[in-house]
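Copied over from TrEMBL:
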- LEU20, ASN27, LYS156: xanthine binding site (BINDING)
- ALA128, ASN129, GLY130, GLU131, ALA132: 5-phospho-alpha-D-ribose 1-diphosphate binding site (BINDING)
- 32-158: domain 'Phosphoribosyltransferase' (DOMAIN)
Amino acid sequence: MEALKEKIRQEGRVLGGSVLKVDSFLNHQLDPEFLNEIGKAFKEMFKELKVTKILTAEVSGIAIAVMAGLHFQVPVVFAKKTQSLNLDPETYEGEVYSYTKQQHYKIRVSKRYLSNEDQVLILDDFLANGEALKGLYQIVEASGANLVGTGVVIEKGFQEGGKKLRAEGREIKALATILSMDHGDITFL
Ligand code: 5GP
């Protein structure tokens with residue numbers, strides 16, 4: 001998606017060589033018109049698929065998933081990262097390892113909102129080490145739903161997640177793939 005690459009070139013900030021901050025439109029301040037273009041691009045990318053539900057993870061996946069949901073005209077479910085009283089006790093779980101926190105945590109979706117009748121499209125903001133997607137795949141598998149596709153806004157191709165998950169047979173598409181960010185210079189595929 002050319003407009004996304006341009007937006008990243010103009011507004012992205014590289015931290016410590018491997019973290020890309022896109023806080024001005026995707027991860028903190030949200031740019032609704034631009035996120036709507038992202039939703040539209042996902043619809044175009046996966047237009048052949050029959051989708052009944054979009055699945056993402058809180059918090060950063062929600063905005064783009066909702067925009068995509070408008071174009072697919074299907075509900076969006078987000079996996080929750082904390083156990084709380086307002087989450088149904090009956091849940092499907094996935095496990096995610098956080099490199100930044102150096103610990104495992106669970107993500108959960110209520111059994112009410114995913115079933116073996118669903119055709120699920122997983123969407124997320126970033127693909128880095130692939131842990132978030134792995135946790136979401138576990139949830140889809142536990143629910144018996146059919147996974148029809150996976151899309152991410154930005155894949156950091158210099159990290160291992162994409163390679164690892166594709167080697168396991170996962171088909172993942174990205175709206176923009178970054179090959180390197182050395183010295184703050186962002187190179188796209
Ligand atoms: P994973 O390593 O599991 O593929 O990425 C986990 C999550 O960390 C992503 O869903 C995303 O929210 C966040 N993340 C990973 N790398 C980056 C990055 O470079 N920039 C930002 N803003 N978030 C990231």
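Using N, Cα and C of the backbone, Cβ positions are placed for all residues, glycine too.
Overlay of TrEMBL feature records on the structure.
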residue	record	DSSP class
LEU20	xanthine binding site	strand
ASN27	xanthine binding site	helix
ALA128	5-phospho-alpha-D-ribose 1-diphosphate binding site	coil
LYS156	xanthine binding site	strand
Annotated xanthine contacts LEU20, ASN27, LYS156, maximal Cα-Cα distance (Å, integer): 16
ALA128, ASN129, GLY130, GLU131, ALA132 excluded, remaining Cβ within 8 Å of their centroid (5-phospho-alpha-D-ribose 1-diphosphate): VAL96, TYR99, LEU127, LEU133, LYS134, GLN159, GLY161
10 Å Cα neighbourhood of LYS156 (xanthine binding site): matching binding-site residues from ASN129, GLU131, ALA132: ASN129
Same chain, 6+ residues apart, C-beta under 8 Å of the C-beta of GLU131 (5-phospho-alpha-D-ribose 1-diphosphate binding site), given in sequence order: VAL96, TYR97, SER98, TYR99, GLY161
Largest tally of Cβ atoms lying within 10 Å of a Cβ, found at which of the binding-site residues ASN27, ASN129, GLY130: GLY130
Neighbour-count leader, CB within 10 A, binding-site residues: LEU20, ALA128, ALA132: ALA132
